[in-house]
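A.B. asks: One structure follows; several queries about it will come next.
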């Protein structure tokens with residue numbers, strides 16, 4: 001009986017140890033597992049992390065396209081680790097590693113060979129290898145003493161084998177060519193692998209005990225066990241200065257390890273960083289070059305992750321956004337990531353729950369993130385409350401003996417008991433309170449006067465009779481010195497959007513039932529509805545979300561743009577509704593849905609309906625709509641989300657460009673870039689815009705080029721069922737090799753006029769060039785597509801630059817539906833006049849202007865027609881993949 005009790009106690013201790021080690025990994029070294037990780041190398045650097053919404057899904061940011069496009073957005077991970085050109089994570093369901101990116105030594109996906117049924121506690125990645133710690137194995141010796149051993153599986157360069165160690169290990173951390181871990185029994189360090197370049201194994205301080213360790217490129221740093229929590233480092237990269245820091249002393253920066261106690265530590269290539277225990281700020285030491293940015297001061301971090309030459313950390317607070325420092329990576333990353341791993345077990349001693357009620361990263365009931373407790377206070381402060389399971393310790397200033405400005409200002413702003421202290425407090429605060437009251441009264445007066453003037457203005461406008469509106473001139477244009485100019489006041493009155501009531505639209509859409517849904521987006525649903533007059537419409541309803549500001553901005557953007565723009569191939573806005581917290585937009589109904597449904601839907605017959613003539617016609621019509629936005633709206637409009645699901649098809653198979661929620665007004669000079677954070681859809685997103693945050697009309701040209709490849713091939717922009725998941729990376733090599741037949745959609749027979757499709761392929765390849773300035777403008781793209789369509793339709797005059805309007809625009813497309821609705825409105829219905837329209841041209845004007853003048857695109861087309869196909873394709877030679885940030889040059893020059 002006692003034997004069974006002894007075994008039960010040992011099993012309970014073992015389970016507790018496993019749970020503790022699974023949540024204690026608070027920082028990601030060069031190859032440790034955490035909720036955030038960094039991949040590096042010549043292909044570009046990438047930061048990845050688990051989303052802050054508690055979904056355990058991965059989000060990435062950086063310049064390595066293989067990792068960005070290969071990110072498995074549908075898989076849930078326990079933790080992440082990164083190496084040279086690849087990223088790996090531990091799957092939540094199978095507890096097996098899964099990798100993506102590009103590595104010559106590790107198989108992407110689940111690494112092979114993989115033992116059937118094997119489950120892992122944690123994984124760690126080095127430069128070219130990956131190791132995983134299996135769940136503990138418990139055995140029995142002959143003398144009946146229970147022993148624990150560890151089984152570690154490794155894959156990659158000189159590491160593909162199974163290791164069995166006669167001790168229980170945890171906290172795996174990988175260097176460039178080696179791996180280390182902590183012994184659960186005596187807290188000593190154990191390492192294995194190649195130590196020729198690092199000497200890490202021979203230099204292990206065997207008599208020392210550690211709380212945690214982190215391996216760098218060629219060194220290891222660990223936090224010593226005990227109250228002091230000092231850091232100790234060993235290895236070759238922190239001893240031989242000449243081999244690391246360059247030849248000139250002016251290029252060297254050597255920082256010694258800190259003396260303060262640390263909470264966490266991470267290792268880079270030739271340096272290390274840690275989180276200070278008393279204020280959670282970051283500190284770094286080791287070898288740097290003078291171009292490296294230092295660690296930020298005055299801010300705290302939940303977690304750190306190190307790459308080769310830079311470090312990123314998750315800020316404390318509610319934003320959970322990462323910031324980076326060092327060399328070769330942006331300082332700010334537009335993501336929100338989890339500062340740790342969500343667990344549903346109580347926090348172990350020495351840790352506390354992350355308190356963030358406003359935006360909790362853990363969505364499951366009873367789950368939380370555990371963080372280490374702070375054990376000391378900064379100088380001049382004392383501990384007011386100790387660390388508990390629910391919150392960290394609280395430190396306050398000792399106001400009786402202030403020796404710093406921060407202490408004085410903090411103490412002066414808080415009221416204390418006693419008459420003397422109160423008098424001192426009011427003597428400091430009375431001038432501030434007086435100024436605040438005076439400013440508040442001034443602000444109230446300004447707001448009151450402004451409100452009174454606004455109400456007076458609206459009342460005066462309401463008194464204007466309807467006869468005054470009817471007495472305006474019939475023409476929206478007047479002559480000025482022989483030049484035609486638009487009358488903006490008249491255009492403002494004619495460009496109007498009908499105001500619907502919510503009750504009216506709810507009845508039209510049959511109560512917004514799920515059966516009425518005809519489309520869904522990230523922030524809205526589209527319902528089919530029938531108005532009282534029998535008109536079929538599409539009602540776009542914003543989804544209730546916590547991010548109300550973003551939904552409101554997209555609603556306002558689309559309403560303002562579509563109420564001002566008018567073109568045959570832009571989706572027409574009929575009206576809107578904004579009441580009771582609901583935001584709805586009413587459009588004309590597109591009977592045939594989106595181009596995406598035709599090309600990629602499950603119904604094969606629907607795909608076959610779009611023969612080559614219809615596909616190219618849709619491409620021409622979409623191009624004319626985008627050309628109108630770029631060249632005939634003033635200021636230009638940049639759509640930012642051109643894709644097949646935003647190209648809608650009406651009952652006559654005419655195309656309309658839709659969804660202007662992400663659109664922006666561009667500069668009058670279309671060549672000038674806008675500094676904007678990337679927004680759009682992966683696969684269609686301009687790489688130059690994604691990396692440099694420079695937005696121009698050429699970003700829409702890139703997206704349209706991807707759309708052309710999608711129309712020609714029938715493949716999705718990103719389809720991970722293929723080895724080359726990105727359509728651009730797949731199609732461009734085929735075009736360069738002249739293998740056009742392999743590019744075309746196999747569902748359709750090749751047309752007799754194959755030269756027309758070769759023209760379109762050439763246009764698409766030019767549109768997806770890496771640099772925006774090398775791409776053609778939309779007017780040149782439209783001209784080339786119109787000629788290709790004329791040739792495809794068997795037009796005997798292949799030199800005709802412009803197709804007849806009825807071919808391109810559609811025979812019955814005259815904007816009658818929207819005006820018919822306006823004419824049936826009663827006097828009691830609300831109509832809001834939108835702001836002044838931009839100066840624009842009728843849609844047919846673009847064709848006439850391009851026909852009347854020989855543009856650069858026309859001259860280029862005429863010259864290309866006399867060349868052979870192989871010469872034309874050879875001229876398209878250029879790299880499509882993202883540019884390397886220059887790590888190889890940095891290594892060669894500095895190390």
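Glycine is treated like the rest: Cβ placed from N, Cα and C.
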A.B. asks: Look up 410, 467 in Swiss-Prot and give me whichever carries the note N-linked glycosylation site.
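C.D. replies: Candidates were 410, 467; Swiss-Prot attaches N-linked glycosylation site to 410.
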A.B. asks: Which range, 372-392, 414-434, 435-455, does Swiss-Prot list as transmembrane segment?
C.D. replies: 435-455
A.B. asks: Among the recorded stretches 169-202, 262-296, 301-339, which has the greatest number of Cβ pairs closer than 8 Å to the repeat '1' (38-73)?
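C.D. replies: It is 301-339 that shares the most Cβ pairs under 8 Å with the repeat '1' (38-73).
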A.B. asks: Sorry to bug you, but what's the C-alpha spacing from residue 196 (N-linked glycosylation site) to residue 290 (N-linked glycosylation site), rounded to the closest Å?
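C.D. replies: Residue 290 (N-linked glycosylation site) and residue 196 (N-linked glycosylation site) have their Cα atoms 29 Å apart.
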A.B. asks: Considering the recorded positions 158, 196, 398, 410, 524, which residue's Cβ sits among the greatest number of other Cβ atoms within 10 Å?
C.D. replies: 524
A.B. asks: Take the Cβ of residue 290 (N-linked glycosylation site) and count every other Cβ within 10 Å, whichever protein chain it belongs to.
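C.D. replies: Taking every protein chain into account, the count is 11.
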A.B. asks: What same-chain residues lie close to the repeat '2' (77-112): Cβ under 8 Å, and 6 or more beyond its ends?
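C.D. replies: Cβ under 8 Å, 6 or more out: 22, 25, 28, 31-43, 46, 48-50, 56-58, 60, 64, 66-67, 70-71, 118-130, 132, 135, 155-157, 174, 305, 307, 341.
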A.B. asks: Could you give me the DSSP helix, strand and coil counts for the repeat '1' (38-73)?
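C.D. replies: Going by DSSP assignments, the repeat '1' (38-73) contains 6 helix, 14 strand, 16 coil.
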A.B. asks: If you count Cβ atoms within 10 Å of the Cβ of residue 641 (active site, proton acceptor), leaving out that atom itself, what do you get?
C.D. replies: 21
A.B. asks: I'd like to confirm something. Which of the recorded positions, 524, 526, 641, has a Cα closest to the Cα of residue 196 (N-linked glycosylation site)?
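C.D. replies: Checked the recorded positions 524, 526, 641; minimum Cα distance to residue 196 (N-linked glycosylation site) goes to 641.
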